[in-house]
Structures are given as structure tokens and as C-alpha cells.
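This report refers to the structure that appears directly beneath it.
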Amino acid sequence: MKNILDYTLEELTLWMKENNESSFRAKQIMSWIYKDVRNFSDMRNMPKSLIAKLEENFEISLPEIEEIYKSELDGTEKFLFKFSDGNLIESVLMRYKHGNSICISTQIGCRMGCKFCASTIDGRIRNLTTGEILSQILVVQNYIGERISNVVLMGSGEPLDNYENVMKFLEVVSAEYGLNIGQRHITLSTCGIVPKIYELADKELSITLAISLHAFSDEKRKEIMPIANKYSIDEILNACKYFINKTKRRITFEYSLVKDVNDSKEDARALGKLLKGMLCHVNLIPVNEIKERTFKRSSKETIQDFANILSNLGIEVTVRREMGSDINAACGQLRRSYIKTQETRGE
């Protein structure tokens, strides 16, 4: 049984033609699905014969909410979802004055091996399908009864390592027939898979591209990010410049500050020199400490000094506001702790 959420409008239209149904039915079905109708029999303008075909060939498959954790500090909510195969993923809902933002996962686990990230510790289990990525938004919207207006692909997984499914997701989530979330309200974060950055640039989407940089030199980057052994910083920056040229969109560089690893004033000056002249913005992130790693976060004073140096060098910079710190809202942390708890209980 296929999950109809995995289909784009074009793909569903083709299915209609192949099954001797009117093409316009595809758009009607999409309209029902993205209005939260979860049974084909409730699609009132569908002929019974088509409903029977849909029920025979498709399902509308959504994950179950396994756990919800709500921050007492800022209202951030972390959702732990379970799919039909038993695998778990997590999403984070962040509420702002300008609207609701959700951080979603694109893979179960991750194989990139970044040393400061909990989601990569057990490697990649599998990719999420297009529908499984979309379903995180659908379930949360239904739960809170409010619209999600901003999406960040910064949860578990490397989006460009699940390229085809993520590209289909970007189409549906921003399409009028889908969730109709403007591309300028979508951010995709990558550790820097260079060939895929070029492919993404050629699509000329209006999304924001965020690069997990975390170091100014290849030598230092290799210590914390294995991907640096395959793609150099120069290669990544060249791909970023190509992306900027094709899309006219500013790049965000993410920089997790780790005490005594990449947070010195020399690091800040070198980073500023590296990025000077680029249409970019640096987002400084106090590293999330996890049990399996020895990394410690930099002090507030060190972080502010780092930001000031970049700003004085003409680099646009912000320090990421921490959300949900009391509920381990960083990617991968909830899933791992939940699995360990279940193992301890023998479940």
C-alpha cells in the first residue's frame, strides 16, 4: 500500500491518467488531504468508484505522537513520532510573535558523523520518504490547531543525503495545492555535500541555504566533521557563491562554538577574513552538550567577543536564541534518551 503523501500533484495526475480517471481529480484529492481529511471516503466530491480505487491502492499514513515535551522556559514543544515500522524521529515546534516555526527531520539517524551532534551517534538507519517529512508538519498543525508558517530542515539527518525525497518535499510544502508555505520561509541546513549544493542552486528556489561550517580551516574542520575529508572549505565556498549567483539569496553559515576548540579570537578573525565580501550571515550557536561527547560550550563572554569581532569585520552575525534547553531540544537528543529508557525498562 502506497502512502499518497509521497506523491506530488504531477505524480498523482499521472496515476489518474494511467487508471482511466480524470486528471483534475488529482488536485481535488490534494486539496482534501491538505485540509486534514484523513479518509478517502470523506472526500465528498469524489465518485464512489474512484474512492474504491484509492482505498485499494493508497493509504494516508501519518506517524503516531509517542511523546510530547513542553519547555517551561519558552513554550517550545518537542514531538517524538513513531512510524508504522517502529522507527522514531523528532520535531521541534517553536512559537514566535511572527508565527509558528517547526524544525523537522529528514532521516532516521545520520551518517555524516559530526562530533557535536547526537543524531549521528548510531549512524543512519534509513531515509524518510517525502510523505514522512511532510507528515511532521501535518501532525503538529493538527495537534495545535494553528498554521505552521516557517520550516527549518535542521532536525535529525542530512537533507542533501536524502536529496530526491527532500526536493519533492520542498515542492509540495510550498505549492498552492500543498501546504502553501512560502519558500522564503524555509531553511535547509547541510554539512556541505558540494555536488548537491550545485544541483540545488540550479533549481533556483527561494529557500535559505544554511551551511554547517563550524571552523575556518580544513584542518580544524576535519577534527569535528568527517565530511571535511571529502570536501574542502574552498569547494564549499565556491558552491555557495554559485548558489548566491543563481538564486540571489543570502547564505547562512552556522558556527557551533565549542570551548577551546574553535572559539578563540584568532578563530573569529580568521572566519571573518574567510567570509568577507560574501552575501552571507553567520549564526553563532552555543554547542549543545551531549553525554557521549566531551565538548563543552563556550562562555557567554567568549561568544559575545566572537560575535563582536565578526561584526567589526563587516560580517552580519547573530547568536542563536536558545529554545527548549530544558527539554533537550537539540536534534537527536530526545530520540536517543527515549530509546535508552525503553531498553532499561525492557520494553
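Every residue, even glycine, has its Cβ placed from backbone N, Cα and C.
Taken from Swiss-Prot, the feature active site, S-methylcysteine intermediate applies to CYS331.
What Swiss-Prot lists as [4Fe-4S] cluster binding site is CYS110, CYS114, CYS117. DSSP assigns CYS117 ([4Fe-4S] cluster binding site) to coil, not to a helix or a strand.
Per Swiss-Prot, disulfide bond is recorded for CYS103-CYS331, and the stated evidence type is sequence analysis. Reduced to three states, the DSSP call for CYS103 (disulfide bond) is strand.
Marked as domain 'Radical SAM core' by Swiss-Prot on the basis of sequence analysis: 96-326.
Of all the recorded positions listed (CYS103, CYS110, CYS114, CYS117), CYS114 has the fewest other CB atoms within 10 A of its CB. Separating the Cα atoms of CYS110 ([4Fe-4S] cluster binding site) and CYS103 (disulfide bond) is a whole-number distance of 16 Å. The two recorded residues, CYS103 (disulfide bond) and CYS114 ([4Fe-4S] cluster binding site), show a Cα separation of 19 Å. Taken as a whole, the domain 'Radical SAM core' (96-326) shows an average pLDDT of 95 in this prediction.
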